[in-house]
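Asks: Below are the features I grabbed from Swiss-Prot:
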- N262, I263, G264, F265: ATP binding site (BINDING)
- 44-90: domain 'F-box' (DOMAIN)
Amino acid sequence: MAVLLRKVWGSVLARAAAGAAPPEAFAAAASPRRPQAAGEYGSLGALDVLPIDVLAQILRLLGPADAARSTAVCRAWRLLASDNGLWAFFLRLGPDPWELVVFAETHLGAGPALHPGLYYDSSPQLSFKHVYTRRAVVPGSIIVDGGSGYCKYGWSKYAAPSGRCATFLEFGNIESPMYARLRHFLSTIYTRMQVKPSTQPIIVVLPLCHSDDTESARASRKQYRDTLYSVLFDMNVPAVCSVDQAVLALYAAKRTSGIVVNIGFNATSIVPIFQGRVMHEIGVETVGQGALKLTGFLKELMQQRNITFESLYTVRTIKEKLCYVAADYEAEKRKDTQASCEVDGEGWFTLSEERFKTAEILFQPQIGGVRAMGLHKAVSLCMDHCYNSEVFGDDNWYKTVVLSGGSSCLPGLSERLEKELRELLPAHISEGIRVIPPPFGTDSAWFGAKMISNVSTFTEAWCIKKKQFRQKTRRNGPSFVNVW
């Protein structure tokens, strides 16, 4: 059928080239369709007798390239091929989920400074033909999500990160803005991906560090960005985009405002974000335990039962396969929770109470000998600060909590946190609270960056070019890059 339609379409193009659609036919195309006499054709030629829905289906089968070319045939074809629904259909056939495309183009197309509304119904109508055309020529980008524990990197056009590495083992603390360390880290990524830095833009996921609203913390954040941009432009990268990790995790959940709870490698951060901006002035709460502490605590529990293992990586794998968060810790202790998993090269491991006791230190840190605030208390404190802040807009913006980080993928965490918050907070704050699990698992921030990299206005709205960087550095000094 598709081959036959292409032959028919070829004849339409040939007629157009031969002048088969005179100017008077254009006016006919715009008027209501009338029955055609035998042998009489309108502006669509022999296809004029077909219903509109059949013609639309023909354009769908022909594909976006031929649909775009059809606009040059005559006014009737131009009207058909410009239909928003047709180009929405083509976008749905693309690699990115449709709802993510709509969210990105609606809320992120203007760049990091402008986010028009939180929900689709308050957004301007998109021209999907324009969006499709622009997205088709957006260059592929390198995405680097380098946290203090682990790094993910890959191409923006790929479905998932193509490489991972243990940042803390290979490169040390990359959150410290040292030129040599960052250059070594980024050079290694480019080498492993076998690409030249000068050939494509890069998106760097900024780590959650120096999050206080103090003068020294602001200076540290500026210094980190300064150093990062200097390293990349010295490597001749054509364009750079850098976005906070928590903001990207929020974007991955199709939100521009909310609270992100990131269980990082060494610490857990509770980050309030309003319209794509981290609200440092409200306060980023930090709990001094993260994924490493959970893994270390499971290691202690396994050693107490004389369970042998080769390395901390083994314990981490067991944690990811067997551990979960209990809805009710005391009730869970009365259940039979024994389960087993296999670790490649080391055989089978069986856990019981350790499965839920490991993650319980998020809510009861004293169980693991940690003097810290429970996760639910830290989040409730952040929500209380948001409630009392002078932020104009949606009064409920902080009631959406998005989890991120590898350990936030533990089953039961979102349900337990939501339950604890409802019990801890007063009704006027807790009403409407929703805790969302990591939308893309351990890679949520990476996928948030991927969403930005494919938006139709990416290079203009989100990137800074080398020439801009050099000019503004000379004019304003090195700290100007905090505006990107």
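Cβ coordinates are placed from backbone N, Cα and C, and glycine is handled just like the others.
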Asks: Count the other Cβ atoms sitting within 10 Å of the Cβ of N262 (ATP binding site), across every protein chain shown.
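Replies: That number is 25.
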Asks: Count the other Cβ atoms sitting within 10 Å of the Cβ of F265 (ATP binding site), across every protein chain shown.
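Replies: Its Cβ has 20 other Cβ atoms within 10 Å.
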Asks: What are the other residues, in sequence order, whose C-beta lies within 8 angstroms of the center of the C-beta atoms of N262, I263, G264, F265 at the ATP site?
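Replies: For the ATP site, the extra neighbours are G147, G149, L208, N266, A267, T268, S269, G290, A291, S404, G405, G406, S407, S408.
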Asks: Summarise the domain 'F-box' (44-90) by DSSP state, stating how many residues are helix, strand and coil.
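Replies: Helix/strand/coil tally for the domain 'F-box' (44-90): 38 helix, 1 strand, 8 coil.
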Asks: Does DSSP give F265 (ATP binding site) helix, strand or coil?
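Replies: DSSP assigns F265 (ATP binding site) to coil.
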